[in-house]
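Below you will find the structure I want to go over with you.
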Amino acid sequence: MKIRVRFLVGNVCSFLSLVLLLAACSGHKWARDAANSVDIGLWYLTGAGVRYKLINAGAEAGNAEGSSADQVATYYRAFCSLSAVASSDPWCLGDATATRFFIVLALIGAIVSFTLSVMVAFDIKIPTWNGEGKEATLVTPVVCSLIETVTLIPAVALWKRMVMVYDNQCRETMHINTFTCIEMGPTHTYAIAAIPFAAATYLLWRLSHSYHEAKQAGRIADGFTLAAKTDIVDEILSGIANKIDIDANGSDGRNALHWACTLHRTSICHVLLKKGASISKKDRDGWTPLHWASRVGNLDIVRLLAKYGTNLNVQDRWGTTPLMLTVVGESKIAAETLIELGASVDARNVFGQTPLMLCAEGGASLHQLGMVFLNAGSNLSLQDAQGMTALHYAAACGSGNLLMNMLQQCDAELVDKPNKFGETLSYLAVLHSHPKILDLVKNWREGNLLVAFHDDDDDSEANNSTGSSEDDGSDDSSEEEDD
């Protein structure tokens, strides 16, 4: 909320400084030549006494463009192009030229600063050639508002000095000392008034940018996330009372709820969720609190998040769902809980893999977990990006028991269905040195009774695929004979 207030105040200050500068640049009363009835602006002279000003400068009034009796304005380019004027009139000399340069530079800075700050405030992206757009930041407004402030100060100072030179020249020409010939106009005051608004804009944008950088880096939330890690409820409540952003990620890319779910801090999860913590906030890798709770297999937190309405099929940047992470954590009970709550067993990641495919790829140790997905109705005909089904993965990785159960439930055409590389179940079994998988497929074709695999059978196949010796098998058989 504080940064939003800064945006509001900063944009108001930026807008006011821009309006004042536009008025200063377009106005024709930066100063007034009372003796000749001429209003002196940045870009042009106006008033009934323009002809007298030309005559006093030593120029023929009738020869000057825009100096006829029915026209009361003479522009800078026309007036200062006269040789007699350019060398003597302060309006054409260095101070005036420098003032114009600084004022224009300040105006450009004000326009850019205000435009980009509005884009930042309303999350409007900067257009890019690829059409995706680039996120606007406060870096450019900070620099532009600083340029605006710094250039306005010499601009008004130089113009004031030029007016003093004007006035002295006028007094000497008219031989008077009793009154001021050249008076400062209201437009000069506008430029002076723009300075504090420009300075305030710079300070507000600088503070907002520093705050935003600290928030993005996670430095502001580190203390709060540490309290969640260490299960200090009082510190969590204190942070909430001080209106800290409870959803902000720390410097490690995770927020307090992510850590509470990861480290089994159930009480912290209750407090954070009750106080409005986001159940869909993602960490640096795109994981939500449910991803972490599923990864570590915490059933209480999984059910708690589901109670608060979390998306059970939410995906990270790789398309990984919480149910897929139960495979990584090898948590059968967490998988059963998610399925019971309504998680999809056929969700796919960016590679087209389902949870059952991941189990089959994991080998024999994930047989029981694979059966959970199989019994929940996982679609065996689904293929990943390489045309691999769950049966292909089981055959390639030696998951015999899981393959046996899938063969009992699948359609006959799936057994001979090749992947995108033309590889069938039998081919993959031979390729990865799983002879028992090959026998299993042959027995299925012949309609023989499928004999259940044991974990040690699958393990021995896995060992064979990694280069284990045949002597181990002979030793086992000899020991059985001795028994």
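Cβ from N, Cα, C; glycine included.
Annotations in TrEMBL come from automatic prediction, not curation.
The feature signal peptide is assigned by TrEMBL to 1-27. TrEMBL lists 101-124, 136-159, 187-205 with the feature transmembrane segment. Marked as repeat 'ANK' by TrEMBL: 252-284, 285-317. The feature region 'Disordered' is assigned by TrEMBL to 455-483. What TrEMBL records for 469-483 is compositional bias 'Acidic residues'.
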State the residues, same chain only, that lie 6 or more residues beyond the ends of the transmembrane segment (187-205) and have a CB under 8 A from a CB inside it; answer 'none' if no residue qualifies.
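That would be 6, 9-10, 13-14, 16-17, 20-21, 23-24, 27-31, 41, 103, 106, 110, 113, 117, 138, 141-142, 145-146, 148-149, 152-153, 155-156, 159-160, 163.
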Looking only at the repeat 'ANK' (252-284), what is the mean pLDDT?
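Here the predicted model's pLDDT, averaged over the repeat 'ANK' (252-284), is 93.
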Counting by DSSP secondary structure, give me helix, strand and coil numbers for the repeat 'ANK' (285-317).
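Tallied per class, the repeat 'ANK' (285-317) gives 17 helix, 0 strand, 16 coil.
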Could you break down the residues of the repeat 'ANK' (252-284) into DSSP helix, strand and coil, giving a count for each?
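DSSP composition of the repeat 'ANK' (252-284): 16 helix, 0 strand, 17 coil.
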